[in-house]
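Some notes on the structure that comes next.
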């Protein structure tokens, strides 16, 4: 499985700022947006292009354009929505597919409660957006959903990832590429990433308990 930990100095600087527990909701949200743009830039570096001839100021000119159907972004509710503006700033023509999952309290497995996917997934690159890759359960369920709908080229973009989640993903979907700003140490007994970011959804939307 292709796992890319983006070591660009700007990415590392910004993920360090995100780890500050005293950071305001506004500051956290802005950094998530910025990191979404930077990580999406890395994740789209190997998109296929095709030649196209268009009018230029001095006559016809041959240029490169992204081949195939437009990319679809797949934010996982709710925290994934925080990354969406930054990625759309880079890829404004992208389609957006939205997925929501919640944990079944008896089986502890993720269960979809919302699914709105764009069409022609078999022709598109799908970029899953989620700040945290922890156990991998939600991500794996999302990939299962996308593949059932026809998606064949899937990448995941995360701010931080846990080794346990990466291992779980590789066991069932080794074809999926992962891009992250940081691979953290481990999960604690409650499934939180350490050192992590805390609850990214609460910090993005300002719903954490003060």
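Along the chain as shown, residues are numbered 1 onward.
Just so it is clear, glycine is given a Cβ too, placed from its N, Cα and C backbone atoms.
Owing to the predicted nature of the structure, the values given are computational and were not obtained by experimental measurement.
DSSP classifies residue 138 (5-phospho-alpha-D-ribose 1-diphosphate binding site) as helix under the three-state reduction. Listed in sequence order, 76, 101, 110, 130 are the same-chain residues at least 6 apart in sequence whose CB falls under 8 Å from the CB of residue 138 (5-phospho-alpha-D-ribose 1-diphosphate binding site). Per Swiss-Prot, the feature 5-phospho-alpha-D-ribose 1-diphosphate binding site maps to 78, 103, 130, 131, 132, 133, 134, 135, 136, 137, 138, 199; the stated evidence is sequence analysis.
Feature annotation from Swiss-Prot assigns uracil binding site to 193, 198, 199, 200. Look at residue 193 (uracil binding site): DSSP puts it in a strand. Of all Cβ atoms in the shown protein chains, 28 besides its own fall within 10 Å of the Cβ of residue 193 (uracil binding site).
Of all Cβ atoms in the shown protein chains, 16 besides its own fall within 10 Å of the Cβ of residue 199 (uracil binding site). In the three-state DSSP scheme, residue 130 (5-phospho-alpha-D-ribose 1-diphosphate binding site) is classed as coil. The C-beta environment of residue 132 (5-phospho-alpha-D-ribose 1-diphosphate binding site), restricted to residues of the same chain at least 6 apart in sequence and closer than 8 Å, consists of 79, 158, 159, 160, 161, 193, 196, 197, 200. The Cβ of residue 136 (5-phospho-alpha-D-ribose 1-diphosphate binding site) lies under 8 Å from the Cβ of 164, 165, 166, 167, 168, 169, each of these being in the same chain and 6 or more residues away along the sequence.
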